[in-house]
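Asks: Per TrEMBL, active site, proton acceptor is recorded for His137. Per TrEMBL, the feature substrate binding site maps to Asp95, Gly145, Tyr300. Sequence annotations record features per position, and here TrEMBL assigns divalent metal cation binding site to Asp172, His174, Asp261. Annotated compositional bias 'Basic and acidic residues' per TrEMBL: 399-426, in sequence order. Among the features that TrEMBL reports, region 'Disordered' is placed at 388-426.
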Amino acid sequence: MRSKDKISYFYDGDVGNVYFGPNHPMKPHRLCMTHHLILAYGLHSKMEVYRPHKAYPIEMAQFHSPDYVEFLQRINPENTDLFPNEMARYNLGEDCPVFEDMFEFCQIYAGATIDAARRLNNKLCDIAINWAGGLHHAKKCDASGFCYINDLVLGILELLKHHPRVLYIDIDVHHGDGVEEAFYFTDRVMTVSFHKFGDKFFPGTGDVKEIGEREGKFYAINVPLRDGIDDSSFNRLFRAIISKVVEIYQPGAIVLQCGADSLARDRLGCFNLSIDGHAECVKFVKKFNIPLLVTGGGGYTKENVARCWTVETGILLDTELPNEIPDNDYIKYFGPDYSLKIPGGHIENLNTKSYISTIKAQILDNLRYIQHAPSVQMQEVPPDFYIPDFDEDQQNPDVRVDQRSRDKQIQRDDEYFDGDKDNDAS
């Protein structure tokens, strides 16, 4: 048991300022709300807080096709009419609109997940958090489900430089299809997704029968659930499957996608999970004491997203939070009761005991085919993507340095302050 987990937390205020457009359910503003709630509870003082680097196109192209990345860089709301064929080819449009500063938004959330993985690799922390990440639907050559760049795949690729095996766990209400597809043919990554399946629910994949292929056969695990699953059913199933997976697979690192659309009363969700039920998964995974990268994901009732990820930050810090929400810049969103926890929902639970038993039995049976962790012949560890270091000796003191360059020169412990000294106070 480690005495005290060292936690790195990544945040850039610009990530919450973009706007997907009117009537679009994705509201990046939820990230500002989450961050300010974390500040209001004083959790930032217990973590190392960093502003991430903006991912370079060449870093994104570690997974995505270079032509797709290049197009994302080039397109903007003013010139979409000039590229109808490319817009269709890359699935940009309704679900994945082109909006102002879209590419910078992708650079920030992807850069944060890559930075998080690198700090874990270099043993500079035990747990790394990026609530802006977790965009699990993006594919190699196209956008999907509000996701443009798949930061999770990029983070896992980074972790694979140092770890023979990485476990990916996804508790978003939607199937983690983009991550599963990226690693469907390898045993170096095991993907485990708990999600709603059936009734043409997006993205339509994630049946229990989808188990991986070739070297990856049995290394993709899907837990297809029906409407209305509650805390007790979800947590029992989660504990049973994840404990067996960790025992057999023995991952060197875990990536946990904490999509908050699996909460009760989510605008796009259909589960009955309370915040405590959702957070129980985080608590359970933390107990394994395996290097852990935690991201956000979906979540479309934004005040509940902020509540959920704040509670889960507290859990990762072993800090119990008072239920009364302290004053903060977004306090009005948390009325009328201003309480941190939300209860479970009342949708009829269509997950019968026999259905859950059958799913669990199928999954545990498949795990028997990989009775021991696969041995991987590790090559020499490739270097982190080359980023020019800041060299103080080369710096001309007479030349004004922009804020972002100055931020890169210092450790981010001192970035945020309480009250009116908060750098991100709006």
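Quick reminder: no glycine exception, Cβ is built from N, Cα and C everywhere.
Those TrEMBL annotations? Automatic predictions, nothing curated.
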Asks: Using Cβ atoms only, which residues of the same chain lie under 8 Å from His137 (active site, proton acceptor) while being at least 6 residues apart in sequence?
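Replies: Residues satisfying the criterion: Ser144, Gly145, Phe146, Cys147, Asn150, His174, Gly176, Asp177, Gly178, Pro203.
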Asks: Measure the Cβ-based neighbour count of Gly145 (substrate binding site), defined as the other Cβ atoms within 10 Å of its Cβ.
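Replies: Other Cβ atoms found within 10 Å: 21.
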Asks: To the nearest Å, how far is the Cα of Asp172 (divalent metal cation binding site) from the Cα of Tyr300 (substrate binding site)?
Replies: 11
Asks: If one looks at the chain holding Asp95 (substrate binding site), which residues at least 6 apart in sequence have a CB under 8 angstroms from its CB?
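Replies: When sequence neighbours closer than 6 are ignored, Asp95 (substrate binding site) has Ala143, Ser144, Gly145, Phe146 within Cβ distance under 8 Å.
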Asks: Widest Cα span across the substrate binders Asp95, Gly145, Tyr300, in Å?
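Replies: In whole numbers, the farthest two Cα atoms are 14 Å apart.
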Asks: Which residues, same chain and not among Asp95, Gly145, Tyr300, have a CB within 8 angstroms of the centroid of the CB atoms at the recorded substrate site?
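Replies: Once Asp95, Gly145, Tyr300 are set aside, the remaining close residues are Pro25, Met26, His137, Phe146, Cys147, His174, Phe202, Leu268, Gly298.
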Asks: Under 8 Å Cβ-Cβ from Asp261 (divalent metal cation binding site), six or more apart in the same chain: what's there?
Replies: Asp172, Val173, His174, Arg267, Leu268, Gly269, Gly297, Gly298, Gly299, Tyr300
Asks: Let's check the environment of His174 (divalent metal cation binding site): how many other CB atoms sit within 10 Å of its CB?
Replies: 27
Asks: Which one of the binding-site residues (Asp172, Tyr300) has its C-beta surrounded by the most other C-beta atoms within 10 angstroms?
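Replies: The largest 10 Å Cβ neighbour count belongs to Asp172.
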